[in-house]
């Protein structure tokens, strides 16, 4: 098949390739310990990484987080920096793609040598970054409410875990005398896990689940699923849909004659930013968060004024934005409590570090790296702001694995 | 002299690429950059297959993400089970499922089976699919749309099966690659070298295919399918063979992508990812031997560096780059290299 000279050349190329490949032989006995940190703390500035999606499906949401991180960095710099060092932030685009998040956080930690990274939105993006940040013994601050069941030494979670958002929402529903509940969610890990918790807690509270429907994240067609809600006539609809799929859901909901008077919705992903973008008047619907723009506190007045001065008076503030803003200040307080930028030093003295955040004073739990947060339920008013109708009063201690709840059985369906 | 250049010129080019990827790159690049280059190599492996199917065979394969995904998920399942330990099951099944593992995961505990599956699964899938398509003489835009739809279906299926495939999050958190700790920089370099070596291997294979009778037949089928039929060959078989080889190459690319990127998720294998592979091939030059691989490497590199330099506007730059290349070099970037080489060679030939 091959002529002699051809065979000769092929042989050379193959042999060359094989030799070169083998020359880079692996090391089976290596302990694979984390690479030495390359963070430079000798200068007048300290590098931090902001990793949010500025392109792709999540860009609309994540850009707001980028803006509030920028604001916090500018404020801290104007106030003398962290341990006297000015923050120099490196921006990267996660492109709404988990593999890109993994690549970019690697770049930030090993090429830019940032002291900490702030960002991520979807659970997929956080899960993708987790092994990288652990391998490099770096730090990640993640600002979005999520499904819990995680506590990495290298991540600080400044959004709510389930016992600070899902469980308070259920407590609110129980206090309203709700007897039947319909679950509608996007088809991914947060809604699936949230609904698993909701179903088990509902059994405990005596609330009947009359339906459970999922639609893929980027799918806008909720027509058939909403028809099932119409048939089931639930007292409330628990909405764990994320992103633009909410628009399709809300559209179908109102077009098929449902309303807050018959089967109101309680959402965990619709905030000040999203409410006006729903294409329908959503006045009277509910949302569970730990911060609303309407929270009354001096710190919140300062935050809202600073944000609107910087980015425009028409821009609302929301829970993830506030959690991101808080995360940078918490990092400052963590570094100053440890008097060091070293990750191990910071973790050592993390327990009890607090910040007077716009949502109220938040405190870090040194064991699970989450923060204590107050659970709030808001009802959307005509201005697309939320009237706070229920509060857990006290900050709720984070319990990502729901160890303090007897009814929780992680292996049950 | 001229015929020797034509015969061995491509091999010399492959050898140069091999030296660049296997000697120069590991010596000069930081571990992070080298790992990125490894990812581009994985896309390039899939692109070489697309060059065969599309450039030479005229089949616009818009759904190679499916085969990239089959290889990627097969490898990721093995790595996930390796990370879980001999009797363990993957962490996400404990967290989000009922704590039991579906039976079809079990064979992937074996490394040998996994390697077999990475080759056999896409080959069988492509053979069945290709047989049905080509025997019915589906071609052109219909074929492209069909393969594109397949990528959409595949990604949707993955997203819907959270407890079996990790859903939207995909599979990640691998610790070992066939016994080698993936956190060790030396081992990361080794995994990179394997990917780069496989790319070179695929290029040599395709070079040989292009020179063979099969290669001639493939071009004939592309340009005049009916005439090939009149000459007594069944074009369906020719296309089927090219389609299967392309699928296996995509699968190999995906299999190396999982340990190098550290993750495989539906967004790496969906319709957008498939088009991204096509874009690299078009940019590099689909009908040329090195075009698809160079194009895929260039697009991967461009995506990383442009997004680092312009985190907010990079997508526009990438789009502008595509338009510029298609306008200036319709046959792809590699054709520009060929044109330049001919300018150098021609004056020498003129002197007797």
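Yeah, the Cβs are placed from backbone N, Cα and C, and that goes for glycine too.
Taken from TrEMBL, the feature transmembrane segment applies to B:111-134 (among others). Through the fold, the transmembrane segment (B:111-134) approaches residues 66-67, 70-71, 74-75, 77-78, 143, 146, 150, 178, 235-237, 239-240, 243-244, 246-248, 250-252, 255 of its own chain, all at least 6 residues removed from its boundaries and within a Cβ separation under 8 Å.
Among the features that TrEMBL reports, transmembrane segment is placed at B:141-160 (among others). Distant neighbours of the transmembrane segment (B:141-160): 59-66, 69, 73, 129, 133, 167-168, 170, 266-267, 269-271, 273-274; these residues of the same chain sit at least 6 beyond its ends, with a Cβ under 8 Å from one of its Cβ atoms.
Annotation source TrEMBL lists transmembrane segment at B:166-183 (among others).
Note on the transmembrane segment (B:190-210): residues 10-11, 14, 17-18, 21-22, 25-26, 34-35, 37-38, 41-42, 44-45, 48-49, 51-52, 56, 177, 180, 182, 218, 245, 249, 252, 256, 259-260, 289-290, 293 of its chain, located 6 or more positions outside it, place their CB under 8 angstroms from a CB of the stretch. Marked as transmembrane segment by TrEMBL: B:190-210 (among others).
Taken from TrEMBL, the feature transmembrane segment covers B:240-264 (among others).
Residues or ranges marked as transmembrane segment in TrEMBL: B:276-302 (among others).
TrEMBL lists B:314-338 (among others) with the feature transmembrane segment.
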